[in-house]
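Trainee: So that we are looking at the same thing, I have put the structure below in structure tokens.
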Amino acid sequence: MQARALLPATLATLATLAVSVLAREPPAAPCPARCDVSRCPSPRCPGGYVPDLCNCCLVCAASEGEPCGRPLDSPCGDSLECVRGVCRCRWTHTVCGTDGHTYADVCALQAASRRALQISGTPVRQLQKGACPSGLHQLTSPRYKFNFIADVVEKIAPAVVHIELFLRHPLFGRNVPLSSGSGFIMSEAGLIVTNAHVVSSSNTASGRQQLKVQLQNGDAYEATIQDIDKKSDIATILIHPNKKLPVLLLGHSADLRPGEFVVAIGSPFALQNTVTTGIVSTAQRDGKELGLRDSDMDYIQTDAIINYGNSGGPLVNLDGEVIGINTLKVAAGISFAIPSDRITRFLSEFQDKHVKDWKKRFIGIRMRTITPSLVEELKTANPDFPAVSSGIYVQEVVPNSPSQRGGIQDGDIIVKVNGRPLVDSSELQEAVLNESSLLLEVRRGNDDLLFSIMPEVVM
């Protein structure tokens, strides 16, 4: 009798499950033969990122407490596992973070770290298992009052990068390492300053040289050289991140005094974010004294340890300002850095040269940055104007220009260039200046369109 009573309930449950399965969305379209990353969205994911079903784009992972295990559910994020259809943390013990807070588990700490990266660029790391000791919150303790070096490192580390130069072997397709070093981020859009010898090589082997840049949070990008001066040993390289990056500011090396505390940070022997400290031994050491006969530079001498791989990394003062680029080690306790005033001059010359180049390259549009006030103004004139929060509004297309020939029209909204979201018109100008081909994602009415534009060089 009891088995007969359970049968209707079981059938009802199966029927409900069948309806649930049938009610799901139909399967997605088959994977493309070739991934077009310019079509990938740029999600902000509290639960982290995972590859999509086609292993082409990054999509949001399921966060703790979200459903999982069904065909259309996203995989669980980092340190999570699917337990009875719900994402749960693999570990249940409390942990102490570098921000001084106690977290219920590792997953809660990682979620806080992702939020912190988006806000300040500084991740939260695990200090220890268990709750934080009470001393972490006692900001008047000697540990917190006098650890000024740690304060500087915490401020500058997110903007220091590791750089590797490879040679792509033409026959075997393998990357042969040529050199490695460090650099620091100068602009939120991805401009990086380093040494010229870090990003160039005299190796005569055939093959294509490639630059790889790794950020503190583990993100890696391919980089291109923007400008290089081998005599002064300064170079700038460019990456194309999908979000704004933390930056360092240049100080005035002319104000340096012998005896000042300085901090050197870089990647000696590929050990990323290695910190050494010291003082300024001499603020102006003539390059000719170092045996550099053609030198016209006065170097900063410091006793901060600089090893192979530190080259290109920043030498900073206690305010976190860059006062030099770590360049040369002569002996233990005797190292040298290119002064920041020389870097400033190099960047100014680079900017002047590129402004001239900008006048020679154009795509032929008059544009305005999308702002809430501009959207309101355009919606007043055209109620069907799309609801957009960022991008570039095409006010006018120049006749017979690359944009007109490529299909751009008045009133279009350019939302991405080469897969990167556009927030300001200067970002499109920079792309016109630095990239030979532009893949523009355009919003026209309710349609999203792709156009390939080749900037024109005016002699």
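The chain as shown is numbered from 1 upward.
Quick reminder: no glycine exception, Cβ is built from N, Cα and C everywhere.
According to Swiss-Prot, the feature active site, charge relay system maps to His197, Asp233, Ser311, an assignment based on similarity to another entry. What Swiss-Prot lists as disulfide bond is Cys31-Cys54, Cys35-Cys56, Cys40-Cys57, Cys45-Cys60, Cys68-Cys82, Cys76-Cys87, Cys89-Cys107, Cys96-Cys132. Annotation source Swiss-Prot lists domain 'IGFBP N-terminal' at 27-90, citing sequence analysis. Annotated domain 'Kazal-like' per Swiss-Prot: 76-134, in sequence order. Feature annotation from Swiss-Prot assigns region 'Serine protease' to 181-346. Sequence annotations record features per position, and here Swiss-Prot assigns signal peptide to 1-23 based on sequence analysis.
I'd like to know what surrounds each of these features in this structure.
Mentor: When Cβ atoms from all protein chains are considered, those within 10 Å of His197 (active site, charge relay system) total 19, not counting its own.
All protein chains included, Asp233 (active site, charge relay system) registers 23 other Cβ atoms within 10 Å of its own Cβ.
Its Cβ placed at the centre, Ser311 (active site, charge relay system) has 27 other Cβ atoms within 10 Å. In the three-state DSSP classification, Ser311 (active site, charge relay system) falls within coil.
For Cys54 (disulfide bond), the number of other Cβ atoms no farther than 10 Å from its own Cβ, over all displayed protein chains, is 12. In the three-state DSSP assignment, the secondary structure recorded for Cys54 (disulfide bond) is coil.
Around Cys35 (disulfide bond), the same-chain residues at least 6 positions away in sequence with a Cβ under 8 Å from its Cβ are Cys54, Cys56, Cys57. Classification of Cys35 (disulfide bond) by DSSP places it in coil, neither helical nor stranded.
The number of other CB atoms found within 10 A of the CB of Cys40 (disulfide bond), across every protein chain shown, is 16.
Under the DSSP three-state reduction, Cys45 (disulfide bond) is assigned to coil, being neither helix nor strand.
All chains included, 16 other C-beta atoms sit within 10 angstroms of the C-beta of Cys82 (disulfide bond). Secondary structure at Cys82 (disulfide bond), taken from DSSP and collapsed to helix, strand or coil, is strand.
Neighbour density for Cys87 (disulfide bond): within 10 A of its CB lie 24 other CB atoms from the protein chains shown.
Counting only residues at least six positions away in the same chain, the Cβ atoms of Glu64, Ser79, Leu80, Glu81, Asp105, Val106, Cys107, Ala108 sit under 8 Å from the Cβ of Cys89 (disulfide bond).
As a whole-number mean, the pLDDT of the domain 'Kazal-like' (76-134) in this prediction is 83.
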Trainee: Considering Cα atoms only, can you say which of Cys82, Cys132, Ser311 is the nearest neighbour of Cys40 (disulfide bond) among these recorded positions?
Mentor: Cys82
Trainee: Any idea what the Cα distance is from Cys60 (disulfide bond) over to Ser311 (active site, charge relay system), rounded to a whole Å?
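Mentor: Given the Cα positions, Cys60 (disulfide bond) is 37 Å from Ser311 (active site, charge relay system).
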Trainee: Find the one among the active-site residues His197, Asp233, Ser311 whose C-alpha lies closest to that of Cys68 (disulfide bond).
Mentor: Ser311
Trainee: Work out, from DSSP, the number of helix, strand and coil residues along the domain 'IGFBP N-terminal' (27-90).
Mentor: 3 helix, 17 strand, 44 coil
Trainee: Rounded to an integer, what is the Cα-Cα distance in Å between Ser311 (active site, charge relay system) and Cys45 (disulfide bond)?
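Mentor: Checking the Cα atoms of Ser311 (active site, charge relay system) and Cys45 (disulfide bond) gives a distance of 35 Å.
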Trainee: Under 8 Å Cβ-Cβ from Cys132 (disulfide bond), six or more apart in the same chain: what's there?
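Mentor: Counting only residues 6 or more apart in sequence, the Cβ neighbours of Cys132 (disulfide bond) under 8 Å are Cys96, Gly97, Gly100, His101, Thr102.
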Trainee: Going by C-alpha distance, which of the recorded positions Cys31, Cys45, Cys76, His197, Asp233 is nearest to Cys82 (disulfide bond)?
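Mentor: Ranked by Cα distance from Cys82 (disulfide bond), first place goes to Cys76.
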